[in-house]
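Enquirer: Before we start, here is the structure in question, set down as structure tokens.
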């Protein structure tokens, strides 16, 4: 068996060390090349948001797309000849601070980077603002913040992702198409969305679109979504990252801000199934089915990120072929593409792919320019502004057809692209059309579907419904008022026709006619109170307001003023010193008082109409649901009122003036309640009318103001009060006169049956004195009757004693009116045998012999003659004298 033996000679040892150093030198050189980069490699840095919990995690699909682009670029022999493009990347989690850290690591670790790729607007903002310090070009494949369009702030920034402001012209175009002029905005508090909203507000102002509210939130959208409901938002533009979008969608479902009455605009770069994934991980409390219900029908606007034509792009593929390759690469990384489970950033993947191609084409053009100057792109350092400017110029002029469409950059470094509009229909996004911002051309496919079969409204349609007085009620009150007017006219005719009759003359027929005219005017005002917007236009309504004020005020003054003047004259008759009892009431004094009251009314009403006229004012009520309708309609009830700017001042002036007259009239009516004068024969009825008018007015005025918002109740209450006052006044004042004239067609019999006729002031005074005297006499009679009762009792007792004595043959002993006195003998008795003596004894209250006088008086009354002892007989003429004497003694009539 042949074995291998190591040659341990000096030549062998030398050969070993030579090989060892050669291998070590190759390894060290290889390490140095890896560290510093191979001479034929161009290095770029990549910052991809992949594993974060907030913001946009589009690096999940964009990074595989960038790797596909690197493979295709490096395979292209005519592109970057002799060089390979190498990408060094790390995860920023869409956090600005972490993104800045990744950028520093890329810059300060070899090899030298020629350009940076970045995604997520917040990271791009931080990176692009700092990269200018290293003369680095930053190309953003996934940043839509409008703030990035500021060239003074980001002088070296380009992006293949269109600015978020590219959506705003599309949104405005759709709002005009569907007739929406009132929108709301819900945004996440990130710079990208704040800048987008500011641009949208400017465009809405130019397009005369109202932004009813603008709500923002940091992480929890609950309160913001509730505020949208309070503001009755119907067309809502939502600007937020997809993680926040899921929270918003769940809150939409809870607040019922979805369905046929609401339209939401979402950002179009969410994945197709964004509302169904990560619900449990993110703490979303809504179910998948609830999220689907809330998402149904919403619109999305997005820049076209996939080439819509089946054209071969610069890479040699069509957009569909690229999609298949990307899906295969994502499946290898573990994504369930076959079941529509796409990673975040799938829509932006073509932008990342074309971003790598943009870098390669810009480097290729820069190399050609530097070659003419005997320079190389490998010579670039972070202090070399000359090569950086060449790269900038090459990137600025780059234009090609990529898988995302035509790639070109504006002077601000923004991508120029069309906008695509989609709608969620039956759980899938359906394309509705495209919009070219530069040409203002909307290509519409008429594929939209609306829940309920009609375009939603941008607000709750509020139908203004005027509350009017019930027509049957108005007709009823008008009928009663017209009947009252006819009655008043008939009474005017009656008053004029019978003005020569004493019962009419004594009540002052002209004053009564004035009152009836006032009643007619008040009843006409009742009709005007019920006339509203149903019968007259809004321009004519102020005239109705003025007519109401004038008619009601002057009618009241004429009707009440006529009664007030009568009761005033009656009061003057009873309080004025007595002069001529036959003096009559001067009619002109009554008319002057009515004229004075009417003049005050005219002054107040004229000043009111000139200085501050009544206008049509609408009182609005809370929204009400219609009785039956499928439309999104609310009813806004309105009620017409007649008011002026200083309405309370004028009403206070009128009510104060009328109130004083009412109270004073009530006082006069009370003072003259039992007084009757023949010059004004209906004063009692006038007083009763005043009572009723005052009570009803004092009730109607405040109650009418309280229930002014209830048109039917207010109208009925005021109308019935006016009608009742008018009818009652006519009834009290004229019905007795009508009855009197009907019963007594001739004037002579009136005084006999008229209780108020023929009574003068002197008769009234005499009557009062007689009443007083009668009361005093009744008191004295009561006292005397008590004395008579006692005397009669004593007389009865004494008569019984006298009868007993006579039977026994005794002398005359009787007890008289005063006990304890014995009747005198016959001789003594004879001293009173003349009427004069008897009268003297009585008047002197001589009780000693009054018993005898009493017996004689009784006998004379029975026998119609006066018998005395000794046979002396006196004629009947003595009897009156005795009666007078007894009357003086007893204080009563002896008979």
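Using the three backbone atoms N, Cα and C, a Cβ is placed for every residue, glycine included.
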Enquirer: Tell me which range among 417-443, 444-470, 471-497 TrEMBL lists as transmembrane segment.
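Expert: Matching range for transmembrane segment: 471-497.
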Enquirer: What range among 358-378, 379-399, 715-735, 736-756 does TrEMBL describe as transmembrane segment?
Expert: 715-735
Enquirer: When you scan the chain for residues with a C-beta under 8 Å from the transmembrane segment (471-497), skipping those not six or more beyond its ends, what do you find?
Expert: 504, 509, 512-513, 516-517, 519-520, 523-524, 526-527, 530, 534, 712, 715-716, 719-720, 723, 726-727, 730, 734, 738
Enquirer: Answer with yes or no whether the transmembrane segment (509-529) touches the transmembrane segment (590-611) by the criterion of at least three Cβ pairs under 8 A, sequence separation 6 or more.
Expert: yes
Enquirer: Are the transmembrane segment (509-529) and the transmembrane segment (690-709) near each other by the rule of at least 3 C-beta pairs under 8 angstroms (pairs 6 or more apart)?
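Expert: Between the transmembrane segment (509-529) and the transmembrane segment (690-709), which are separate recorded stretches, there is no contact, as judged by 3 or more close Cβ pairs.
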Enquirer: Taking 549-569, 649-670, 715-735 as candidates, which has the most Cβ pairs under 8 Å with the transmembrane segment (509-529)?
Expert: 549-569
